[in-house]
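Residues annotated as (E)-cinnamate binding site in Swiss-Prot, with similarity to another entry given as evidence: R213, S214, R215, L216, A217, Q218, A306. The heme binding site annotation in Swiss-Prot covers C447. Per Swiss-Prot, the feature transmembrane segment maps to 3-23; the stated evidence is sequence analysis.
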Amino acid sequence: MDLLLLEKALLGLFAAAVVAIAVSKLRGKRFKLPPGPLGFPVFGNWLQVGDDLNQRKLANLSKKFGDVYLLRMGQRNLVVVSSPEMAKEVLHTQGVEFGSRTRNVVFDIFTGKGQDMVFTVYSEHWRKMRRIMTVPFFTNKVVQQQRFNWEDEAARVVEDVKKDPQAATTGIVLRRRLQLLMYNNMYRIMFDRRFESVDDPLFNKLKALNGERSRLAQSFEYNYGDFIPILRPFLRGYLKLVKEVKERRLKLFKDYFVEERKKLTSTKSMTEENFKCAIDHVLDAQQKGEINEDNVLYIVENINVAAIETTLWSIEWGIAELVNHPDIQKKLRAEIDRVLGPDHQITEPDTHKLPYLQAVIKETLRLRMAIPLLVPHMNLNDAKLAGYDIPAESKILVNAWWLANNPAHWKDPQVFRPERFLEEESGVEANGNDFRYIPFGVGRRSCPGIILALPILGITIGRMVQNFELLPPPGQSKIDTSEKGGQFSLFILNHSTIVLKPRSSV
């Protein structure tokens with residue numbers, strides 16, 4: 001470690017401590033802040049709560065400090081919202097005031113300081129990007145056009161699994177094949193392209209770079225430099241790696257996909273009537289001067305981050321729960337057989353005729369929420385919430401997982417029981433009609449990908465159950481469903497081997 005750098009950092013910490021104490025006293029007199037644990041100068045509550053602010057830890061803190069509480073993470077304010085009423089206030093009633101996104105050193109690099117749509121602040125730029133992305137990605141028309149591709153990809157998974165002799169005996173790690181399915185689902189929407197197999201070199205290069213991006217962005221390793229800016233020089237090596245990964249990914253998106261699509265369409269007279277894929281619409285917006293080339297690449301980046309992995313996690317969670325709950329799996333299979341018969345494979349329209357399948361998907365999203373704290377919100381200006389003052393640029397976390405797993409609001413929430421959505425919770429939908437259950441968020445900054453995720457989940461999980469008996473490996477009664485979280489994600493720690501026995505009647 002550079003001794004001069006260390007000396008400067010220590011002096012900076014001392015100065016920051018003095019300033020923090022003074023500011024804290026002034027702020028306490030000026031603001032009525034939400035309750036929270038007493039913190040230390042400079043570090044705030046960071047030393048007490050640690051880096052991993054997972055949904056369970058935050059839920060436990062809410063039992064002590066209430067539905068709205070404040071954590072000081074170094075020099076950053078973090079406000080945690082833990083009730084349906086306060087979630088409605090943040091996401092709906094005051095959706096404009098709390099409609100921005102927080103910034104940090106790593107996401108600033110990966111998004112070009114907010115040139116994307118998902119992670120940018122609430123502004124005219126966000127409205128423009130949302131509008132440009134909606135037509136080619138997030139409409140019912142897209143679902144009806146693309147459902148045949150999703151059904152085709154699910155059929156290919158079934159075919160590949162049946163060809164693998166290990167699948168029905170010792171088992172396979174199904175996630176690898178499902179990952180290809182999700183990439184193909186989204187790349188067919190974006191570029192009218194697909195990857196032929198899990199061994200495709202371009203697919204593996206893309207998957208590796210996206211995986212590295214995910215690891216770097218979701219890691220807690222860089223928190224100290226984000227919470228305490230004076231320590232940021234110690235992040236130089238980390239941020240250098242982030243920049244390298246960002247540049248390699250954007251170059252890959254540009255060279256292998258965007259430019260290839262441009263070449264393909266350059267010989268044709270392109271009008272909206274003959275646009276074949278989403279990037280055609282996006283490039284048209286660029287040609288009209290609405291966005292620039294960087295914006296185009298960050299749209300591709302957003303889809304890779306926000307659509308592929310999150311839906312994959314939910315598919316994996318759903319299948320894992322069905323493996324570990326054979327009675328539920330049998331009940332779902334019986335519904336499919338009864339409604340569709342033996343010779344008809346599930347299609348997107350069929351999923352709406354299968355209420356138990358819909359309940360299984362809802363229950364998966366409730367118990368195993370892929371983004372349990374939603375994507376963090378931020379208020380650009382000073383705001384009020386529940387009678388408390390919320391200082392400008394506070395990071396707002398809505399603990400959506402706790403809203404959907406609080407025993408005060410749900411019967412036996414720790415139990416995987418799809419029947420709840422056919423019985424006492426039959427009126428609850430994933431679109432946010434009940435603030436106890438908001439897996440995709442609500443309001444202006446809700447996830448528009450819900451319109452794609454729900455049918456893909458229904459088709460994929462439905463086809464797996466329709467064609468196979470899903471079992472744990474020989475000698476095991478269940479598969480491991482231990483959780484692993486990142487900055488705001490929740491996925492399975494170990495990608496388990498499962499046995500898939502083909503059904504003789506299908």
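Any Cβ shown, glycine's included, is placed from N, Cα and C.
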Next item on the list: Would you mind pulling the longest C-alpha to C-alpha span across R213, S214, R215, L216, A217, Q218, A306, which the record has binding (E)-cinnamate, in angstrom?
Entry: 15
Notebook entry, point to check: Reported as an integer number of Å, what is the Cα distance between A217 ((E)-cinnamate binding site) and C447 (heme binding site)?
Noted result: 19
Next item on the list: Taking only the Cα atoms, work out how far R213 ((E)-cinnamate binding site) lies from C447 (heme binding site), in Å, as a whole number.
Entry: 20
Item checked: Count of other CB atoms lying within 10 Å of the CB belonging to R213 ((E)-cinnamate binding site) -> 21
Next item on the list: Could you measure between S214 ((E)-cinnamate binding site) and C447 (heme binding site) for me? Cα positions, answer in whole angstrom.
Entry: 18
